[in-house]
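Student: For Gly11, Arg72, Phe73, Gly102, Asp103, Gly104, Ser105, the entry in Swiss-Prot reads ATP binding site, with the evidence type sequence analysis. Annotation source Swiss-Prot lists ADP binding site at Arg21, Ala22, Val23, Thr24, Arg25, Arg154, Gly185, Ala186, Asp187, Lys213, Lys214, His215. Residues or ranges marked as Mg(2+) binding site in Swiss-Prot (evidence: sequence analysis): Asp103. Residues annotated as substrate binding site in Swiss-Prot: Ser125, Ile126, Asp127, Arg162, Met169, Gly170, Arg171, Glu222, Arg243, His249, Met250, Gln251, Arg252. What Swiss-Prot lists as active site, proton acceptor is Asp127.
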Amino acid sequence: MKRIGILTSGGDAPGMNAAIRAVTRTALANGIEVCGIRYGYAGLVAGDIFQMTSETVADKISRGGTFLYSARFPEFKEEEVQLKGIEQLKKHGIDALVVIGGDGSYHGALKLTRHGYNAIGLPGSIDNDIPYTDYTIGFDTACNTAMEAIDKIRDTATSHQRVFVVNVMGRDCGDIAMHVGVATGADAIVIPEEPYDIKEIAENLKQGFANGKKHGIVVLAEGVMDAEKFKDELLKYGDFDARANVLGHMQRGGSPTMRDRVVASEMGAYAVKLLLEGKGGLAVGMENNKLTHHDILDLFDAKHHGNYALYSLNKDLAK
């Protein structure tokens, strides 16, 4: 193996640049050349590929987003499009590939592996929704961003004795909502994986005000319901003032936390180690604080298991 490529695909996540840096410098330290591929699989097919050096990744570890840029490219599901990507890999002498992203990115990596190219997937997703890893790159930063925002929201909620329904990211996974809910002392956490009783939530909020509380915070995962709609439903059972707030894409931005930088660096270096061993078609993970890898194909039949003990814990702490 003389040259590897690296790309980021799908939604960006803080820490991706740290992973790119680790892959690049680990490969170079082992005598392997590195090519960066801009704009994910779309850039691969278009041939937007360039040589990377140690200097290319200098001063990138603290930056949010991905300096290789990203793009969603559903067309890569088609065999004809995949073959165009293969042509570009051959043209640039790329022997193997590291892909950083989520579910769609892993599907692309699997397709390339089936075409004879060793590909390794790194879990880059703020949602923490990828199986066989306790932790995805970007999750910690997103949680800290949401936590800081909710701390500020609580200030104005207290000033006006209001309830705020705060929408956080997590279409199918409530990990951000659970962690941030506990960290901010939320009155309720609402996630896709658990049933909820909106009337009960309203009653608990009313009881809180009756007991002297000056605010109410409901952390709502985006996959459950629109925040405005949830707020309106809540007001059917409560006589308090309420507002909805959608944190949105701010959770994807910002300088990555220490944890995201370190984990991304460890995963990036581990991906190169696997490629040096001639392995491919694998997804890197962090399980019980240890680096692991699994066949990418296994991920598609598996389900991410969040720390639902946090959900139960918050119910007790919010009383």
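Heads up, the Cβ atoms here are built off N, Cα and C, so glycines get one too.
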Student: Excluding near sequence neighbours, so keeping only residues 6 or more apart in the same chain, what lies with its CB under 8 A of Gly102 (ATP binding site)?
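Tutor: Within the chain, Gly102 (ATP binding site) has Cβ neighbours under 8 Å at Gly10, Gly11, Pro123, Gly124, Ser125, Asp127, Asp129, Ile130, Thr136.
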Student: By CA distance, which of the binding-site residues (Arg72, Gly104, Ser105, Arg171, Arg252) lies nearest to Val23 (ADP binding site)?
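Tutor: When the Cα distances are compared, Ser105 comes out closest.
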Student: Quick check: of the binding-site residues listed here (Arg25, Met169, Lys214), which one has the Cα closest to that of Asp103 (ATP binding site)?
Tutor: Met169
Student: Could you work out which of the binding-site residues (Val23, Met169, Met250) has its C-beta surrounded by the smallest number of other C-beta atoms within 10 A?
Tutor: Met250
Student: Of all the binding-site residues given, Gly11, Gly104, Gly185, which has the fewest Cβ neighbours within 10 Å once its own Cβ is left out?
Tutor: Gly185
Student: Counting every protein chain present, what is the number of Cβ atoms, excluding its own, within 10 Å of the Cβ of Arg243 (substrate binding site)?
Tutor: 16
Student: Taking the centroid of the Cβ atoms of Gly11, Arg72, Phe73, Gly102, Asp103, Gly104, Ser105 (ATP site), which other same-chain residues have Cβ within 8 Å of it?
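Tutor: Neighbours found: Ser9, Gly10, Gly40, Gly101, Gly108.
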Student: Rank the binding-site residues Asp103, Asp127, Asp187 by how many other Cβ atoms lie within 10 Å of each Cβ and give me the one with the fewest.
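Tutor: Output over binding-site residues Asp103, Asp127, Asp187: least Cβ neighbours within 10 Å is Asp103.
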Student: Give the residue from the binding-site residues Arg21, Arg25, Arg171, Lys214, Arg252 that has the most other Cβ atoms within 10 Å of its Cβ, counting over every protein chain displayed.
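Tutor: In terms of Cβ crowding, the pick is Arg21.
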Student: Any idea what the Cα distance is from Arg252 (substrate binding site) over to Arg72 (ATP binding site), rounded to a whole Å?
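Tutor: Arg252 (substrate binding site) to Arg72 (ATP binding site), Cα-Cα distance: 15 Å.
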